[in-house]
Amino acid sequence: MADTGERQPLLSSHKSDNSYGGQTSDQHSRDTRNQTTYLGGPERSSYEGRLKRSASMESQPVTLSWQNINVFVREKKKKKTLAVNVEDGAVGGSTGNKGRQQIIKDVSGVVKSGTLVAILGASGAGKSTLMNVLTNRNLKDYVVEGEVKVNGIAVGDGIRNISAYVQQDDLFIGTLTVKETLTFRALLRMDRSIDKKARLERVEEVILELGLSKCADTQIGSAVTKKGISGGESKRLSVACEMLTNPPLLFLDEPTSGLDSFMAQNIVQTLQTMAEKKRTILCNIHQPSSEIFAMFNEVLLLAEGRVAFMGSSAQAMEFFQRLNFTCPTNFNPADFFVLTLAIRPGQEEECKKRVQAVCDAFVDTQEAQDIKDCIEDLTNSGKHGETAVFASLVWRSWISLMRDVVLFRVRVMQTLVIALILGLIYLRLDLDQKGVMNINGAMFLMITNASFSNMFAVVNSFPNELGIFLREYGSGLYRTDVYYLAKSVAEFPTFILLPVVFVAVTYWMIGLHETWQSYLIATGIVTLVALVAVSFGYVISTVAGNVSIALAIGPPILIPFMMFGGFFLNDDSVPVYFIWLKYLSWFKFANELMSVNQWEDITSIPCGFNGTAPMPGSTPMPPADKCLYRSGEDVLQYLSFSADNNLLNIGLLCALFVGFRIISFLFLLIRARRSKT
Ligand SMILES: Nc1ncnc2c1ncn2[C@@H]1O[C@H](COP(=O)(O)OP(=O)(O)OP(=O)(O)O)[C@@H](O)[C@H]1O
């Protein structure tokens, strides 16, 4: 193709058309390649703001990358010889070194968030196959080698959680209106933890975002019934259906096919606006007009299953010109690229040589090197950035805890109010025969309160966060263990602070054994109980998956543990068949520790008539021979508790804390793994 030298006007207009937020596409391309998607800087603050919105509707910026993708047609046993006989270089495929027909050859690429990419190529170039590999769909006939990563982490099937695939065919029920269709999809497809009101709000948002307000109440219509919405509106509706869950990654298969140029432009404009909102969009597009082509930030040119070019269209023009393929004036660049790379009937040999030369030349370009470097950087940040990810997660959990001032205040107030009520009920208990039972009751209530309030605090909030976790995990933002550890670390201070406040109020009001040592030990025991209950709450939350189920199963499981705590049932009276439950009851271990702490050093408990006449209305003291407890030792004996078990009880409480954490982590891991399949 001759260089007419008149390329400049077309290129310059193309360049300015292809601007992105005031930048040229080249700048955009360079900038997006250098941008980082982990939480930091401005992204961090916008992320923080978005955290306040509904969990599963969050959209994280993602960078999609794929490296050395090779796709072979899977050999069918019966047709084995046929597959081996496919001639090397036959249109759309060649035989690989294992004798299999290869349709994608060593393809790599990167698409950063905020980028709209057009995948272009002649028929049979491998566009649909690459799209299937990237979306992990329809691959049963192929053997795929290479890796597809999101933010530098291989996500496998998890790509489905964070991406939407808008297919070519729009299949809708013609008698429903646009809004009804979206409402139906929202009710079916959106995360179950999102309430109906929020889903309907999302429908309105999507209608607005995709410019469907005008036809929101119009019936979709069909060829058979009556005319409804236009072809462009129907395409936008397809996109809208996929956008309900606000995925950060969007794949579209020929979104403009069958539309007139105005409608097609309208659709791509919508995609452009969506990309500007930090979404990553890949479009397999057929014969776009120059105007439409100019709206794309980048182009991925495929030919004979290889990458012929990836970068901005201006860069593509320069690249082709360097190879002496110059786009004639007023010629649509998209058509020019496709025609240059097409295999024309009758000229197969020549065309294939040309394609090979172009693809080989691309490997040595700066653009190809940039892609390679970018993939490497992403992989390294995916591998080595765990500390930074951990710090970001701790920071986010802490900020969201602190920013939720109302909830935090409510929890502090709740702790103080319950502590005061308990303190007032058992105010300054006497150390006598009646007082023993009251003191034991007060201590058991302290343990019970620490258990229930902390378990419910987790059960009421953690399941709501699971949706965000699964979405972000699916996006490859972090690993399950990093998330779980960061969350535990961030929440640790609050789960320690509240029991400390609680004991500080109740201990002195009740008048438990008044030494600093006993007080500090009691604080330690109740705090440990709170931590065990939090871990137990995590088990219930990860097993249940949502707040309602967690609230339904939590108490019935907790109550048996409480029953075997040694207060309602003497330790020696536990039926043989329930002994195993006794060993899981942190109530029992904590109750024994608290009782020993309270009674161990008490050498005498007033017993019998003490020489003073009983006050009118009060119960006289029992005579000395009917006295149950003469010392703290007697109380412990009566309860079958012993100071010898102190270390064992502390060890068991710690073991339950760690054990419940491990169990809940395993359930979280299972949920995460299952979300990827
Ligand atoms: N299962 C298969 N068995 C044999 N060949 C296959 C198979 N699947 C795809 N191919 C071949 O691989 C090549 C790439 O196919 P693909 O559908 O990806 O091309 P495309 O670029 O999307 O084409 P079009 O634009 O026409 O849809 C084609 O030549 C096709 O015939």
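From the backbone N, Cα and C atoms, a Cβ is placed for every residue, glycine too.
Here is what TrEMBL records for this protein:
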type	residues	note
REGION	1-59	region 'Disordered'
COMPBIAS	10-26	compositional bias 'Polar residues'
DOMAIN	84-329	domain 'ABC transporter'
TRANSMEM	406-427	transmembrane segment
TRANSMEM	482-510	transmembrane segment
TRANSMEM	516-540	transmembrane segment
TRANSMEM	547-569	transmembrane segment
TRANSMEM	647-670	transmembrane segment
Positions on the same chain near the transmembrane segment (482-510), where near means CB under 8 A and six or more residues out: 386, 389-390, 393-398, 401, 408, 411-412, 415-416, 418-420, 422-424, 426-429, 439, 442, 446, 449-450, 453-454, 457, 469, 472-473, 519, 522-523, 526-527, 529-531, 534, 661, 665, 668
The transmembrane segment (516-540) in contact with the transmembrane segment (547-569), cutoff 8 A, at least 3 CB pairs, sep 6+: yes
Mean predicted confidence [pLDDT] for the domain 'ABC transporter' (84-329): 83
